Amino acid sequence: MLRAALPALLLPLLGLAAAAVADCPSSTWIQFQDSCYIFLQEAIKVESIEDVRNQCTDHGADMISIHNEEENAFILDTLKKQWKGPDDILLGMFYDTDDASFKWFDNSNMTFDKWTDQDDDEDLVDTCAFLHIKTGEWKKGNCEVSSVEGTLCKTAIPYKRKYLSDNHILISALVIASTVILTVLGAIIWFLYKKHSDSRFTTVFSTAPQSPYNEDCVLVVGEENEYPVQFD
């Protein structure tokens, strides 16, 4: 009975633990490192990259930016296995003519790139970047796209959750762990008490004092006393 009851006791607590460490806006987002990602699979017609970007900003995010090889690999793997995205994904990048460099829309630093070999002599005005899913490389292309088959968005874990949630998560984990331990101990104590009580009741019943005489003996004795034997 105790073993069968434990899963029912633990499942709600495990659900609370999962909720305590969830940092992304909803279950449709996927967390990796310090960011959350969502792939909007709806195909839309666009007039500029800003239309694509608006798809992300409407969800409180921005177009994808990539900052290391691990993140690039994560996006490729997730697009192939879970999101089922198109062959090329538009990156949240634009060419800044002021200093002749590519920059991310989310204003993060350009710390990593994976450009494929291309001729850089061409005019880069109105040039955007695409992630090629089959190779994982980035390639340059015209920003004047007429449609996109999906938009990949990214948002950072909120500051409050990222930097202040460690203590909250620790406290929540301790509370949950304590609750689990107390629940299990309570169930064990109850089980042992119930078992001991049943055993004690059985023992008391089986060892109750029994009369040395049965009813027949009592009757016989009574009869003997009622008619005493007379001696001459």
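Glycine is treated like the rest: Cβ placed from N, Cα and C.
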C128, C217 - which one Swiss-Prot pairs with C143 by disulfide: C128
Rounded Cα-Cα span from C128 (disulfide bond) to N109 (N-linked glycosylation site), Å: 17
Greatest C-beta neighbour count within 10 angstroms, which of the disulfide-bonded residues C128, C143: C128
